[in-house]
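All remarks here apply to the structure that follows.
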Amino acid sequence: MVATSATSSFFPVPSSSLDPNGKGNKIGSTNLAGLNSAPNSGRMKVKPNAQAPPKINGKKVGLPGSVDIVRTDTETSSHPAPRTFINQLPDWSMLLAAITTIFLAAEKQWMMLDWKPRRSDMLVDPFGIGRIVQDGLVFRQNFSIRSYEIGADRSASIETVMNHLQETALNHVKTAGLLGDGFGSTPEMFKKNLIWVVTRMQVVVDKYPTWGDVVEVDTWVSQSGKNGMRRDWLVRDCNTGETLTRASSVWVMMNKLTRRLSKIPEEVRGEIEPYFVNSDPVLAEDSRKLTKIDDKTADYVRSGLTPRWSDLDVNQHVNNVKYIGWILESAPVGIMERQKLKSMTLEYRRECGRDSVLQSLTAVTGCDIGNLATAGDVECQHLLRLQDGAEVVRGRTEWSSKTPTTTWGTAP
């Protein structure tokens, strides 16, 4: 139908009326037997009895009774030219443009009708900020694992996982309508120059997602002591529902002007308490003491670590996720290549500013550092400190053997 209507404007449809001579032929018929060439508008037409004008002294003069030779144009013709196949041919450039338009429109319609999501994760809005579920107490957000969020083994890095946790925490506050002008601060916190700082983080990774996977992150908050708040996360595979990561953290308030810890004011407590969930932590607390290490007990030391401008958050200190990358700077390459990080416990003891210079120390326990290639489970103690020796973060990581995967560019 589309093609017929479009081309009809270029190829006139013959009329069904009959020849007035009664011969039964339709006007506009394509019978080529009686075709005549279309009259030329520039042809000369001679009147009867016309004579060539004589010349006198080289000039033409008219004679009595003579007739002039006149040219007739289509504009002055009293009878229109007969309709023939030749003079009804269209402008081919216009016809080509019409055909192109028809095919483009048909292709677009076909694509719209034929498009079907091949996987459920194709329906994920990558720019959505999630939604509140479970009676308004749990915030849920989906993330698609991007190509720039994976490591050499094709799986998401621990920094990617931690960034997803942080993003859902902030979006939870925003969606609940509690976001002031600060970085996760409520309106009352903003008035009192208060910000949240994390003091403890515990993460257990059962399985790392890979490129293209979609993860579903749930987060909620609970009270922690008199002046703290606990935030938990549960990360699952969006398609299978398999649990991938569990994490729990403790947060306290700090005055951003004095940089000192603060109690939770009653006005702020009134804002956040309606969102507290009365539940146990998603992870049982690892009560083992984090061992302090130094130059003598550390197996690996990395010095001269400095923040980049992009490492700072809006509170003008280094983002807590960045500390994880610095801690792993001193981890042995043998562990990074053959082991996967399965759990991590961090204690944040001091903030780090733009001009800080740090050292990263790692001590390997549970195996001989000379046999990391054949080691099974490995445990490491970590310390991140300033040049003057002040502790920034203490940590413990546990590692297990990676599942063999196919390397890029090799045959399976």
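In case you wondered, yes, glycine gets a Cβ from its N, Cα and C as well.
Annotated features, as they stand in Swiss-Prot:
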type	residues	note
ACT_SITE	ASN315	active site
ACT_SITE	HIS317	active site
ACT_SITE	CYS352	active site
COMPBIAS	1-19	compositional bias 'Polar residues'
COMPBIAS	27-40	compositional bias 'Polar residues'
REGION	1-64	region 'Disordered'
TRANSIT	1-49	transit peptide
Requested in this report: Could you say which of the active-site residues ASN315, HIS317 has its Cβ with the most other Cβ atoms inside 10 Å?
Outcome: HIS317
Query raised in the report: C-alpha of CYS352 (active site) to C-alpha of HIS317 (active site): distance in Å?
Result: 6
Query raised in the report: When a 10 Å sphere is centred on the Cβ of CYS352 (active site), how many other Cβ atoms does it contain?
Result: 26
